[in-house]
Amino acid sequence: MSSSIRGLYAIADTHLLPRQDLGNAVALALQGGASLIQYRDKSQEITRRYKEAESLQRICHQYQAPLIINDDALLAAEIGAEGVHLGQDDSSITSARKILGAKAIIGISCYNDLARAIAAEQAGADYVAFGRLFPSITKPEPIWASLALLREARKNLNLPIVAIGGITPENALQVIEAGASAVAVIGGLFKSRDIRAAAAAYRQHFPSWNLPKPRLF
């Protein structure tokens, strides 16, 4: 499944998006060329989170795109999502793999730590994420990753690399050229007035990869 980690990785954060617009926003991102979606909700509202994730899973299936759940392997398993993304304080790769199975996508936040990424690959991660790369309102943490780190990671890792933090259509190409397989975007996509056009602007940097297409029913 790691082969699907490429192109525009759209992170639908409910802290940023009005909940009534969540499904429509994700559909527009997929229409514009997003390759996969992450559902990110840090609340403890179990029922609402289940309903939202289940709805996004149906939308993602329509566009044949994987859905990744942030920091909740159990929710991912309950709705049949393709995988989970884990941060520094989340559950382990081993426990997530036991819950989701061998075919699930498991991604790991590595911030600016190459050693963490190497350990994640050895533990069975399907992709690693570095960032933030540039100033970002939605990723204000004082942790910086550099393009040099991406280049070094590309030399040392044999799995997809996701870059995140302040990535725009204008600076995305240098991130890709440094070694990123995918660019993860939150505000640059979902705070745009035209989400579909914004997604297409990112997607143009990955011309050899086809746009997701709706299934025919």
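The chain as shown is numbered from 1 upward.
Every residue gets a Cβ built from N, Cα and C, even glycine.
Owing to the predicted nature of the structure, the values given are computational and were not obtained by experimental measurement.
What Swiss-Prot says about this one:
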BINDING   Gln38, Tyr39, Arg40, Asp41, Lys42, Asn70, Ser109, Lys139  4-amino-2-methyl-5-(diphosphooxymethyl)pyrimidine binding site
BINDING   Asp71, Asp90  Mg(2+) binding site
(request) Could you work out which of the binding-site residues (Asp41, Asp71) has its C-beta surrounded by the smallest number of other C-beta atoms within 10 A? (result) Asp71
(message) For Asp71 (Mg(2+) binding site), which of the three DSSP-derived states applies: helix, strand, or coil?
(response) coil
(request) Would you please pick out, from the binding-site residues Arg40, Lys42, Asn70, Asp90, the one with the fewest other Cβ atoms within 10 Å of its Cβ? (result) Lys42
(request) Might you list, by sequence position, any residue in that chain lying six or more from Tyr39 (4-amino-2-methyl-5-(diphosphooxymethyl)pyrimidine binding site) with a Cβ less than 8 Å away from its Cβ? (result) Ala12, Glu52, Ala53, Leu56, Leu67, Ile68, Ile69, Asn70, Ala81
(message) For the C-alpha pair, I'd like the distance in angstrom between Ser109 (4-amino-2-methyl-5-(diphosphooxymethyl)pyrimidine binding site) and Asp90 (Mg(2+) binding site), rounded off.
(response) 10
(request) List the Cα distance (Å, whole number) between Asp41 (4-amino-2-methyl-5-(diphosphooxymethyl)pyrimidine binding site) and Asp71 (Mg(2+) binding site). (result) 9
(request) Might you list, by sequence position, any residue in that chain lying six or more from Gln38 (4-amino-2-methyl-5-(diphosphooxymethyl)pyrimidine binding site) with a Cβ less than 8 Å away from its Cβ? (result) Tyr9, Ala10, Ile11, Ala12, Leu67, Ile68, Ile69, Asn70, His85, Ala184
(request) Do me a favour and check the Cα-Cα span between Asp90 (Mg(2+) binding site) and Lys42 (4-amino-2-methyl-5-(diphosphooxymethyl)pyrimidine binding site); whole Å is fine. (result) 12
(message) Return the count of C-beta atoms lying within 10 angstroms of the C-beta of Ser109 (4-amino-2-methyl-5-(diphosphooxymethyl)pyrimidine binding site), excluding that atom itself.
(response) 23
